Amino acid sequence: MATDPSPQIPTRVNSRRSSNLIHPVDVETPPVGTPGPVVYREIKRFKKWIPWLIPAFVVANTVVFIITMYVNNCPKNSVSCIADFLGRFSFQPFKENPLLGPSSATLQKMGALDVKKVVDGHQGWRLITCNWLHAGVFHLLANMSSLLVIGIWLERDFGFILVGLLYIISGFGGSLLSALFIQSNISVGASGALFGLLGGMLSELITNWTIYANKVAAFVTLLVIIAINLAVGILPHVDNFAHIGGFLTGFLLGFVFFIRPQFGWVSQRYAPPGHSSSARPKFKKYQYILWVVSLILLIVGLTLGLVMLLRGVDANDHCSWCHYLSCVPTSRWSCNSEPAYCSSTQLGSQVNVTCSTSGKTTTYFLPGASNSQIQSLCSQQCS
């Protein structure tokens, strides 16, 4: 059997997706005649980063939620609360907020996505701030646990700058699509940014396809995870447009941010002195094509979406079936998510609250009822 006399480039296989990624390293060759072990120095593009930004994002989201509950002050602004022993940190009634969280009015005050305020009030900053707010404890726990699992993996491989930008831009893209289709309700949550991380993982696998082993299994597994999470979005009171917008933004950004050089190019560049081989390109042609096309689509899509939103365009007028992407009505639930409107009359300590949607009227005995308390009663009445 013929042997190859050319020197071999040492490689080391590091764990990526279950040890699927071949991980090249630089080799520091000792002087000729000097015995000693081969010293490995990790190549920058393939090195492991210490994740700190994603944990910081989790802490920031948690702190913002605590501040939101402090501002909410349920005992003062509502007739009844859950977990009264928490004082002003207690939660709104289940009928008003089943996620154990603040009222809609408080979320709106803290920066929730409200299309009317964005368009008419020129409060475009809500497209960003809504990603740092959560509707309740359950909402916060679900998003932050997912962020830790997905985000730390990406930050360890690609660093805090790229992953941080991916998270923020994807959140903006999710808010933008949500604002174009859901214009009667407020929206909060980091789900759009989380789906952006999932989209980035998928495009990273595609653009770096040749350096992975067991790539088909990883691809199918990732698709199933994404499909299941998007399917949950068809339930009522879930903003699936934010999920879709965040996913598409992150998917395109992944082709731009997470492109890796080919193994042959890396091996050639860091070959020992005297090693000769034919020149190999740093990236494959399909990687360049995906990079350029994705960047163009991303810039055009975000710009066009922002222009449409600021002009007051309702995307539902141009797509009569798109609302089914966010909620599919069944015999078990309705997709009617119009905000609660009520009429109220007050005579002494007697307050009559009538829900404009259902026509249901209830009488409460509440001395000196404030507007926030009546609004809380309205939310419960129409739920």
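The backbone N, Cα and C atoms fix where each Cβ goes, and this holds for glycine too.
Positions annotated as transmembrane segment by TrEMBL: 49-70 (among others).
The domain 'Peptidase S54 rhomboid' feature in TrEMBL is assigned to 122-258.
Sequence-distant contacts of the transmembrane segment (132-154) (same chain, six or more residues past either end, CB-CB distance under 8 Å): 51, 54-55, 57-58, 60-62, 64-65, 68, 91, 97-102, 107, 110-112, 163, 166-167, 188-191, 193-194, 197-198, 200-201. Taken from TrEMBL, the feature transmembrane segment applies to 132-154 (among others).
Annotation source TrEMBL lists transmembrane segment at 161-182 (among others).
If you look up TrEMBL, you'll see 188-209 (among others) marked as transmembrane segment.
Taken from TrEMBL, the feature transmembrane segment applies to 216-235 (among others). Long-range contacts of the transmembrane segment (216-235) within the same chain, counting only residues at least 6 positions beyond its ends with a Cβ under 8 Å from a Cβ of the stretch, are 17-18, 20, 195, 198-199, 201-202, 205-206, 243-244, 247, 324-328, 333.
Feature annotation from TrEMBL assigns transmembrane segment to 241-259 (among others).
Taken from TrEMBL, the feature transmembrane segment covers 288-310 (among others). Within the chain carrying the transmembrane segment (288-310), a Cβ under 8 angstroms from the stretch's Cβ atoms is held by residues 115, 118-119, 124, 172-173, 176-177, 179-180, 203, 206-207, 248-249, 252-256, 259, all 6 or more beyond its ends.
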Report summary line: Long-range CB partners for the transmembrane segment (241-259) (under 8 A, at least six residues beyond its ends), listed in sequence order, are 158, 162, 165-166, 169-178, 180-182, 187, 189, 191-204, 206-208, 226, 229-230, 233, 283, 287, 290-291, 293-295, 297-298, 301-302, 325-326
Requested in this report: Restricting attention to the domain 'Peptidase S54 rhomboid' (122-258), give the mean pLDDT.
Outcome: 93
**Report entry** DSSP helix/strand/coil residue counts for the domain 'Peptidase S54 rhomboid' (122-258)
**Finding:** 107 helix, 2 strand, 28 coil
